[in-house]
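Student: Sharing a structure here in structure tokens format.
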Amino acid sequence: MRNAIFIAGTDTDVGKTVASKAILQALATHNIATIGYKPVAAGSDKTEFGYRNSDALHLMKAATVDMPYEDVNPYALVLPTSPHIAAKHENVTIDYALLSNKLSKHKQNAELVVVEGAGGWRVPTSDSDCLSTWVKQERLPVILVVGIKLGCLSHAILTAEAIRADGLELVGWIANRINPGTEHYAEIIEHLEGRLGTPKLGEIPYMPKAKRQELGKFIQLDHLLEPDTVA
């Protein structure tokens, strides 16, 4: 079984946290020790404990291993914008070595670490780099979350191509229905099943306040739990 997976999205607000939480909840039913890891988050609220990102808090709640917030979300940037813009406004440099150190710590404490990305695959972390550089460095297998809406076919196919062009394994994809009114839903799913060339791990239906729901039942874990054969 893989010891870490990266959850990528076709865009921002397509359901990476919903899918990550669903995976964590499904793994919990198999008594697998898990940690949710949100290396970089943009959009955090001030609390008595410091700035906290709501997506990172959802991951903490769904995981089975307790870790300090600072380990789960090393960069809780305040502004809800692209990480490189938020970091620049806060005089922060996103250090990949720090992200790797936290990931190594998580791997020592859990059987599987679910690493949630930010934005889309090429989300910038500085004026000259993207978070995907760090994912490549760590050789993380990737699950792609597709927010089912008009335009998602091109976004999904392009993102899958970019992930593979970076030399990474696309181990599966998850459909997240973000708009109940999307027409031709079944045809969109059928096309993605034929084009992405990797197993569909689940379909998450539209539901209000999805992040607060029990989502594990929508995920099929068989492929995810197979032995890791990629060097």
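Any Cβ shown, glycine's included, is placed from N, Cα and C.
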Student: Looking at Swiss-Prot, Asp13, Val14, Gly15, Lys16, Thr17, Val18, Glu116, Gly117, Ala118, Gly119, Asn176, Arg177 are annotated for ATP. Which of Asp45, Asp55, Asp222 sits in that same site?
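Tutor: The one candidate that Swiss-Prot places in that ATP site: Asp55.
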Student: Could you state the whole-number distance in Å separating the C-alpha atoms of Thr17 (ATP binding site) and Glu116 (Mg(2+) binding site)?
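Tutor: So the Cα of Glu116 (Mg(2+) binding site) lies 7 Å away from that of Thr17 (ATP binding site).
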Student: If you draw a 10 Å sphere around the Cβ of Thr17 (ATP binding site), how many other Cβ atoms fall inside it, taking every protein chain shown into account?
Tutor: 26
Student: Compile a sequence-ordered list of residues in the same chain as Glu116 (Mg(2+) binding site), six or more apart from it, whose Cβ lies below 8 A from its Cβ; state 'none' when nothing qualifies.
Tutor: Ile7, Lys16, Thr17, Ser20, Gly36, Tyr37, Lys38, Asp55, Leu59
Student: Using a 10 Å radius around each Cβ and counting other Cβ atoms from all shown chains, which of the recorded positions Lys38, Arg177 yields the largest count?
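Tutor: That would be Lys38, with the highest Cβ count within 10 Å.
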Student: If you count other Cβ atoms within 10 Å of each one's Cβ, which of the binding-site residues Gly15, Gly117, Gly119 has the most?
Tutor: Gly15
